[in-house]
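Inspection log for the structure reproduced underneath, given as structure tokens.
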């Protein structure tokens with residue numbers, strides 16, 4: 001098998017997982033370089049970069065690189081691809097060629113994001129890309145359009161990956177293995193994939209409407225034509241809040257395995273509680289998004305609902321922390337590195 005065949009046309013979950021890990025490590029260095037620019041600018045009085053726009057471009061790029069090209073490829077693409085098939089005893093992922101496509105959509109997406117910062121004035125919108133700042137007046141030129149296309153590609157990659165993980169985790173188990181016997185990391189990736197599948201299409205709709213507002217004279221987010229910038233915020237945060245749970249849920253799964261192993265236990269404390277806590281967090285994550293929008297003004301009853309729904313997420317989260325501590329309790333903790 002030639003180098004090209006193995007690494008470019010791979011249908012092997014381990015090779016694709018390795019590609020994700022290498023890509024994520026490289027993107028992580030780019031993201032770290034961007035954060036060093038931010039710290040250098042903020043580390044002393046006066047200016048270093050000299051311009052607010054370039055600073056905002058660096059902050060925006062840092063966020064996108066770290067979220068979409070470091071954390072998600074490593075935790076879902078890397079660890080997910082490597083571990084999910086092994087943990088359920090499957091020969092590979094359910095759709096190996098789609099798995100390869102999910103990976104190879106990421107480098108072009110990354111290229112588009114980097115391109116957005118090198119043309120015109122860059123996309124200095126923040127990772128939320130709110131209009132009217134992201135509109136074609138405040139951000140004339142191709143920068144924001146390139147950033148939107150980058151998000152489109154990364155989104156398609158994640159949706160395909162999510163379909164693959166959901167199908168694999170549910171359908172590729174041996175007949176004797178029930179869903180309640182799969183390891184917690186498998187559960188965490190499954191729930192993460194469901195969140196991706198349900199939230200990303202909404203982001204895609206929002207940024208596509210922004211794209212047409214910028215280029216095709218629509219007014220989805222322009223009050224002059226009967227639109228409303230707050231609509232964009234609802235669409236974005238309906239994705240954006242589940243996204244932060246997408247970033248942490250695989251970490252929950254990893255922590256459960258790490259804590260169990262280093263406590264010298266054969267299983268985590270409260271397996272079913274852990275599973276249902278993750279399911280609850282995933283579900284509740286979809287009905288709390290407007291707490292990111294309190295400053296735009298909201299009806300008192302709406303504020304009361306979103307506040308209390310948000311606080312309820314603390315309960316399953318507390319169950320998880322309690323169970324990790326209970327797993328450690330009474331164990332022979334291994335202190336080796």
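Counting starts with 1 at the first residue shown.
Heads up, the Cβ atoms here are built off N, Cα and C, so glycines get one too.
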Practice problem: May I ask you to find which of 234, 241, 329 Swiss-Prot records for the Cu cation site already listed with 291, 292? | Solution: 241
Quiz prompt | Same side of the membrane, residue 89 and residue 290, by Swiss-Prot annotation | solution = no
Self-check item: Intrachain neighbours beyond the transmembrane segment (142-171), with Cβ under 8 angstroms and 6 or more residues off its ends
Solution: 57, 60, 64, 68-69, 72, 76-77, 80, 84-85, 88, 90, 93-95, 98-99, 101-103, 105-106, 108-110, 112-113, 115-117, 119-123, 125, 129, 134, 179, 182, 186, 189-190, 192-194, 196-197, 200-201, 203-204, 207-208, 210-211, 214-215
Self-check item: CB contacts for residue 241 (Cu cation binding site) [other CB atoms within 10 A, all chains]
Solution: 23
Quiz item: So which residues does the topological domain 'Mitochondrial intermembrane' (288-299) touch in its own chain, when a touch means Cβ under 8 Å and the partner is 6 or more beyond its ends?
Solution: 230, 233-234, 237-238, 240-241, 306-307, 309-310, 313
Quiz item: Just the number: how many Å between the Cα atoms of residue 62 (Fe(II)-heme a binding site) and residue 41 (Na(+) binding site)?
Solution: 14
Quiz prompt | Cβ-based neighbourhood (8 Å from the centroid) of the Cu cation site, residues 241, 291, 292 excluded | solution = 237, 240, 288, 289, 290, 293, 306, 310
